[in-house]
Every structure is written in C-alpha cells, then in structure tokens.
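Data block below; observations after.
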Amino acid sequence: MTCPFCNPAPGEIVLGNDLAYARADRYPVSPGHILVIPRRHVPTFFEATDAEKMAVLELVSRCRDQIEETYHPDGYNIGVNVGAAAGQTVMHLHVHLIPRYAGDDPDPRGGVRGVIPEKKGY
C-alpha cells in the first residue's frame, strides 16, 4: 500500500524543515486545518525520534502563526491519533492543528475529551 504522506507534491507543502513538513488537510474540520508530518515514514508519535518530535512541534508553532494571520481563530485543538482504536486511519504519524471558531460547537467545554462523547462533560 502506498503511503499518502511519504512523497508530498512540492505544491502541497506549506512549511517545512529537514525532518517534517506541513500541508493543508484534504478533509478539513475547519478553515485553516493543517497536518504536520514527519518526512520519514514513522507510524506513530511513540516511534518518532526526539528530533522528529521537536521538528514537528516547531512546525506546529510556525503554522499557528500563519493561521493567526490568515484566519484569526478563537482557539485550537492539537491532536494525534495513535492506533486504529484511537481513530488513526493513515499509519504515518501526523499532527492535526485545527483552528476553532466561536460558535463552531454549541458547547466546546471538554475539548478533546469529546472523542468519547459521553465523557466530554465533567
């Protein structure tokens, strides 16, 4: 099976460094949704090297700066799915940087806890 993240087209890359790159999500949750992806095929966050993790986090911050200038969101969710039980469908580590906007969810309390809807409230 071909990995959709291993060989990005140059036009897809919005930011990059030696170990990672960022691109727009093809199925965005909100305007400005970005994926940050290690260049090396690494299935999960826990298998990435420390250097790869740092390179990914650097790009998350740089992408946030660009999103702020363009979209002016009110908040963010940053997420990584690890394993099929957690919703990972592409077995190449990728970090979702999802801009959030006031009113996009009538009750956003609990944030990422909402992945299990009955656990969202506390």
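Even glycines carry a Cβ here, placed using N, Cα and C.
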Checking 7-11, 67-71, 92-96, 102-106 against TrEMBL, the stretch recorded as motif 'Histidine triad motif' is 92-96
Per DSSP, how many helix, strand and coil residues does the motif 'Histidine triad motif' (92-96) have?
-> 0 helix, 2 strand, 3 coil
